[in-house]
Amino acid sequence: GSSWVAAFLCFIILLTTAGNFLLILLIVTQRSLRNTSNYFLVSLFMSDLMVGLVVMPPAMLNQLYGRWVLRGDFCSLWYSFDVMCCSASILNLCVISLDRYLLIISPLKYKLRMTSCRALWLILATWTLAALASFLPIKMGWHELEFEVRSPNVTSQGDEDQCRLLVSLPYALVASCLTFFLPSAAISFTYCRILLAARKQAVQVASLASNVATTTTDETTPQVPRAPSQPAAGSESRRFANKHSKKALKASLTLGILLGMFFVAWLPFFVTNVTQAVCGCVPAGFFDVLTWLGYCNSTMNPIIYPLFMRDFKRAMGKYLPCCRRSGEPRPSAISLSMRNSNSGPRAATSLKNVL
């Protein structure tokens, strides 16, 4: 049984490391992806990469051997990196949601508000808060009930040493609120507002497209014969409205998947962590399963985010043929026929420019 567990954990580690590293490399090498919004994605993928490189391998050894096989001094250092990297990943998700919220609410003022300098300051604040919630309390021993610095977060059980972070209730509440509950509330609020804004924009686009289609059909004089492309313009407007509605629906599904994966991965762990600090009644094996479930969020982030972002699909399409088919837009037959006509394109083009 341990061989299958080892193979599965090795697969998770390799997938996490390779996925995050390749996406960071893709953003750095592709000029089309080097923008302010993707700075936050680089920070997210960097924190997830550190989870795969620094946090997961010792956790796998701890799980397989049932004891801490490395030096005892590394135990507190490893747990500090564990708390910092996972907290940075969650806080980066919060910052990404705020960035998307500003982009949707005020797209015209977005570049003025979210400059490169401000984005870097936000990323620095994210990592600073994650470090202050991990290294400082654990180094000073504030996570212990007696506030004593014990080298070993290594607890002896028989002849075997277990590296487990036993935290007090005040530390569990403060750290959980700063690194999960408050960011998750911000993520839920911003994504709900984004969802409402997407639906509102879909309704506005549908009404505007119907008005343009009606105007295009009615504004015909008896002296000028109606061109066959004018009904096509109205049809193109309706198709454009339907396409925008489908995009709004797709955005809703994307946000639902992102929120669902985030809460499924981290909510059980933080609730169990607080429960463990209150009563100490959580089995160690069950707590380890929930810990690895939280780690898997770092595995899913580089899969979910690029999967629903067209810019990443186009960039990956240069290397992967399967992404090239889904990433490149395919013009419809109506748009091609209107492009060759004289009267229809102006109405359709003006509609797209207004929107």
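Note: Cβ is positioned from N, Cα and C throughout, glycine not excepted.
Copied from TrEMBL, the annotated features are:
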| type | residues | note |
| --- | --- | --- |
| DOMAIN | 19-305 | domain 'G-protein coupled receptors family 1 profile' |
| REGION | 216-238 | region 'Disordered' |
| REGION | 334-355 | region 'Disordered' |
| TRANSMEM | 6-27 | transmembrane segment |
| TRANSMEM | 39-57 | transmembrane segment |
| TRANSMEM | 77-98 | transmembrane segment |
| TRANSMEM | 119-138 | transmembrane segment |
| TRANSMEM | 171-192 | transmembrane segment |
| TRANSMEM | 248-269 | transmembrane segment |
| TRANSMEM | 289-308 | transmembrane segment |
Local confidence of the domain 'G-protein coupled receptors family 1 profile' (19-305) - pLDDT mean: 81
Result, the transmembrane segment (77-98) in contact with the transmembrane segment (171-192) (3+ CB pairs under 8 Å): yes
Which of 6-27, 39-57, 77-98, 119-138 contacts the transmembrane segment (289-308) most, counting Cβ pairs under 8 Å: 6-27
